[in-house]
Amino acid sequence: MYIYWILLGLAVATEITGTLSMKWASVSEGNGGFILMLVMISLSYIFLSFAVKKIALGVAYALWEGIGILFITLFSVLLFDESLSLMKIAGLTTLVAGIVLIKSGTRKARKPELEVNHGAV
């Protein structure tokens, strides 16, 4: 089961890298940023598609998008001098609270009980 969480972590990391490279490509010369963006976003979806085999889709998607938005915002402030207003901080705090609620409200699926088949004689 841990491998699926690792895959989800890789999906998040590649999404963050891909999205940040999109911004980098828009402010720099050349096509390197766009190529990196294409590769990273593609990998992100591939990793996510494997992760949802064992992780609930709602949880996986909330973590993928939510953690991605959180880190993309923080890295945008650090790397691209974007502003971080009080409203953005409130939004990020609400986002984290929502992720925690979604994760904590998810139950593990029960294993199906074995059916005893009493064939007619």
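From the backbone N, Cα and C atoms, a Cβ is placed for every residue, glycine too.
Per Swiss-Prot, the feature transmembrane segment maps to 2-22 (among others); the stated evidence is sequence analysis. Listed as Cβ neighbours of the transmembrane segment (2-22) (distance under 8 Å, sequence separation of 6 or more from its ends, same chain) are residues 33-34, 36-41, 43-45, 47-48, 50-51, 53-55, 60, 63-64, 67-68, 71-72, 75-76, 79.
The topological domain 'Periplasmic' feature in Swiss-Prot is assigned to 23-31 (among others); the stated evidence is sequence analysis. According to DSSP, the topological domain 'Periplasmic' (23-31) comprises 5 helix, 0 strand, 4 coil.
Long-range contacts of the transmembrane segment (32-52) within the same chain, counting only residues at least 6 positions beyond its ends with a Cβ under 8 Å from a Cβ of the stretch, are 4-5, 7-8, 10-12, 14-15, 17-19, 21-22, 24-26, 60-61, 64. The feature transmembrane segment is assigned by Swiss-Prot to 32-52 (among others), with sequence analysis given as support.
If one looks beyond the transmembrane segment (55-75) by at least 6 residues along the same chain, the residues whose Cβ comes under 8 Å of a Cβ in the stretch are 4-5, 8, 11-12, 15-16, 19-20, 44, 48, 82, 84, 88, 92, 95-96, 98-99, 102-103, 106. Taken from Swiss-Prot, the feature transmembrane segment applies to 55-75 (among others).
Taken from Swiss-Prot, the feature topological domain 'Periplasmic' covers 76-81 (among others). Helix first, then strand, then coil: DSSP counts for the topological domain 'Periplasmic' (76-81) stand at 5 helix, 0 strand, 1 coil.
Taken from Swiss-Prot, the feature transmembrane segment applies to 82-102 (among others), supported by sequence analysis. Listed as Cβ neighbours of the transmembrane segment (82-102) (distance under 8 Å, sequence separation of 6 or more from its ends, same chain) are residues 58-59, 62-63, 66-67, 69-70, 73, 76.
Under the heading topological domain 'Cytoplasmic', Swiss-Prot lists 103-121, citing sequence analysis as support.
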